[in-house]
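Taken straight from TrEMBL:
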type     : residues                                               : note
REGION   : 1-27                                                   : region 'Disordered'
COMPBIAS : 1-14                                                   : compositional bias 'Basic and acidic residues'
BINDING  : Cys16, Cys30, Cys33, Cys39                             : [4Fe-4S] cluster 1 binding site
BINDING  : Gly69, Lys70, Gly71, Gly72, Val73, Gly74, Lys75, Ser76 : ATP binding site
BINDING  : Cys244, Cys247                                         : [4Fe-4S] cluster 2 binding site
Amino acid sequence: MTVPDEYNKEKEPENCPGPESENAGKSDACNGCANQSICESLPKGPDPDIPLIQDNLSQIQHKVLVLSGKGGVGKSTFTSMLSWALASDEALEVGVMDLDICGPSLPKMLGTENEIIHQSNSGWSPVYVDDNLGLISIQFMLPDSDAAIIWRGSKKNSLIKNFLKDVNWGPLDYLVIDTPPGTTDEHLTINNYLSKTNGGIDGAVLITTPQEVSLLDVRKELNFCLKAGIKILGLIENMSGFVCPNCKGESKIFKPTTGGGKALAKEFGIKFLGSIPLDPRIGKACDQGQSFLDMYEDSPATDAILDIVNQLRDDVEGTTES
Ligand SMILES: Nc1ncnc2c1ncn2[C@@H]1O[C@H](COP(=O)(O)OP(=O)(O)OP(=O)(O)O)[C@@H](O)[C@H]1O
């Protein structure tokens, strides 16, 4: 078991059961400990749900995580684009899991904001965006779209387990998983369970913007992947300049650090998947729950995204040599 970097050994209370104990986070000594929520989120002993998760996900070919160090850099936007792009190939069955439990935005971006979850004998059904594109999100279980989700780690972990064990995913070519920003309980939980499934996690796509604050935070994400043994499929620099829709001229809005994503990828020896320019129509399409890729085929952002998706498919499906 990997104990996360955030775990602070110096803050261990007297009689601490230790992060690897079955009682981690649950004993009296844990109350008020700064490490409690981390310990609660760590797996304890053999988990009887693991065989159920393995069975439920056994027909999923590829599992891809989308990660970012900072919020607001376009992680959910890219997840929605990747999902639309994959599903535009009618030969593929695509599932999307929204693990941004406290800030779910995929239902809106994929045009399913007002849907509710359906339960049948075979479990929860994903909400279908298209015949071959299903989404699961906590949003579908909330009384209204403004409801706040203020949950501790253990409750989030149970929901993630439900998403893995109780959603009737069926056979899928791709399961794309959007995660919250940073390295959180959700990341530890999903990695813990998926790493035990057939084929494990194919890899993670990391999103940054060119700003220094985002580049600094995405380093933590890279180190998390390295520590957790998650393959890094590549890094994307989003909002990487603005292409004027009229004159097609490009302005480097974050001038000194534009290209920082590429430099970071080189430093870590990982693939740089490409830069996606700013296009104000992306926000508009996402707000309307429509596919930007279909609406604005001529946008340089569409070209960049489709090129990235092709590279990912080549890597994940092994159609070209890396
Ligand atoms: N290339 C782009 N051009 C223009 N707007 C963009 C681009 N990428 C993302 N956006 C916009 O930036 C905002 C933040 O994007 P998004 O919600 O995907 O970020 P996030 O990283 O998932 O944030 P969080 O993790 O905090 O939910 C959205 O309004 C989205 O429409």
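Here, residue 1 is simply the first one shown, and the rest follow in order.
Note: Cβ is positioned from N, Cα and C throughout, glycine not excepted.
A Cβ distance below 6 Å to any atom of ligand 1 is met by none of the binding-site residues Cys30, Cys33, Cys39.
Once Cβ contacts within 10 Å are tallied over all protein chains shown, the binding-site residues Cys16, Cys247 are led by Cys16. When DSSP labels each residue, the compositional bias 'Basic and acidic residues' (1-14) comes out as 3 helix, 0 strand, 11 coil, counted as helix, strand and coil in that order. Cβ neighbour counts within 10 Å, taken over all protein chains shown, single out Gly69 as the most crowded of the binding-site residues Gly69, Gly71. Comparing Cβ neighbour counts within 10 Å across the binding-site residues Cys30, Cys33, Cys39, Val73, Cys244, the minimum falls on Cys244. In the three-state DSSP assignment, the secondary structure recorded for Gly74 (ATP binding site) is coil. Nearest neighbour of Gly74 (ATP binding site) by Cα distance, taken over the binding-site residues Cys16, Cys30, Cys33, Cys244: Cys244. A distance of 55 Å separates the Cα atom of Cys244 ([4Fe-4S] cluster 2 binding site) from that of Cys30 ([4Fe-4S] cluster 1 binding site). Ranking the binding-site residues Lys70, Lys75 by how many other Cβ atoms lie within 10 angstroms of each Cβ puts Lys70 at the bottom. Same-chain residues at least 6 positions away in sequence with a Cβ under 8 Å from that of Ser76 (ATP binding site) are, in sequence order, Asp98, Asp100, Ser105, Leu106, Met109, Asp178.
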